Amino acid sequence: MATFVELSTKAKMPIVGLGTWRSLLGKVKEAVKVAIDAEYRHIDCAYFYENQHEVGEAIQEKIQEKAVMREDLFIVSKVWPTFFERPLVRKAFEKTLKDLKLSYLDVYLIHWPQGFKTGDDFFPKDDKGNMISGKGTFLDAWEAMEELVDEGLVKALGVSNFNHFQIERLLNKPGLKYKPVTNQVECHPYLTQEKLIQYCHSKGITVTAYSPLGSPDRPWAKPEDPSLLEDPKIKEIAAKHKKTTAQVLIRFHIQRNVTVIPKSMTPAHIVENIQVFDFKLSDEEMATILSFNRNWRAFDFKEFSHLEDFPFDAEY
């Protein structure tokens, strides 16, 4: 079983990576070091997570220890929508590169398709509490990102949270130089994203699954929300394979050729989450897990839905 997916650029993206959203300062550095020791080579970062300097420290320490070389690692980061105006893309990118203490990124993503008002606030709101859109669009940001590829600062570009209409707009953009290599979206058995995955794969775009375990630690979780890790059917499948429910959920993506980036700050879980290459789910088990789909999102971003380019109104 391949432990990577091949991008349209022929680069190899490790199929399991470490997610770092909500990885707390003071803890994320250790988490990244544990992950590298456990043979993770793919680390998923973002300007918005405000912890890239610690991720960078961990990477540098591991490189200095000769535990890993930079070229063995696959580092992804993202530009936030308050930076969509062309000069700001570079400003945000330069901070990311400096924080991560790297000379290049393997993939740079657009974090979210809607442009927000520029400024220091990640979620700019008017006096009524409504989000304010910005002048820059994802197409403007893409042009600035293409320059980073031309300069050798980024190997490839991608998107996140895009629906297929938005990807079409990007692919059909006049003068497009570089196609997106991946679309990173929320994906798990309650949101299987079958049509979107099929569409992306048909265009040579890989899919990366964030919140593959259903984001159990999200701050806005309600007691009545479904819990994937506690799902009796998934527990049953896990017991049969002598694996944890998390390992089954991660394996589910791997068998769909979907890259998966579970986040954990617990060393034992970090190690466990990559021990997913020594078992295989049967076709029947895959079908059972796929049948759980209910188009339920842990992240619905409803507060952005009044702005242009909201991605989740489309079927896929």
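Just so you know, glycine gets a Cβ as well, placed from its N, Cα and C.
Here is what Swiss-Prot records for this protein:
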type	residues	note
BINDING	20-22, Asp44, 160-161, Gln184, 210-217, 261-273	NADP(+) binding site
ACT_SITE	Tyr49	active site, proton donor
SITE	Lys78	site 'Lowers pKa of active site Tyr'
BINDING	His111	substrate binding site
MOD_RES	Lys125	N6-acetyllysine
MOD_RES	Lys263	N6-acetyllysine
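Using a 10 Å radius centred on the Cβ of Lys78 (site 'Lowers pKa of active site Tyr') and all shown protein chains, the other Cβ atoms total 25. Between the recorded positions His111, Lys125, Lys263, the minimum number of other C-beta atoms within 10 Å of a residue's C-beta occurs at Lys125. Per Cα geometry, Lys263 is the residue among the recorded positions Tyr49, His111, Lys263 nearest to Ser211 (NADP(+) binding site). On a Cα basis, His111 (substrate binding site) lies 5 Å away from Ser160 (NADP(+) binding site). Straight-line distance linking the Cα atoms of Tyr49 (active site, proton donor) and Thr20 (NADP(+) binding site), rounded to a whole number, equals 7 Å.
Look at the residue listed as 'active site, proton donor': DSSP puts it in a helix. In the three-state DSSP scheme, Ile270 (NADP(+) binding site) falls into the helix class. Lys125 (N6-acetyllysine) and Thr266 (NADP(+) binding site) have their C-alpha atoms 35 Å apart, to the nearest angstrom.
Listed in sequence order, Glu186, Ala221, Ala298, Phe299 are the same-chain residues at least 6 apart in sequence whose CB falls under 8 Å from the CB of Ser215 (NADP(+) binding site).
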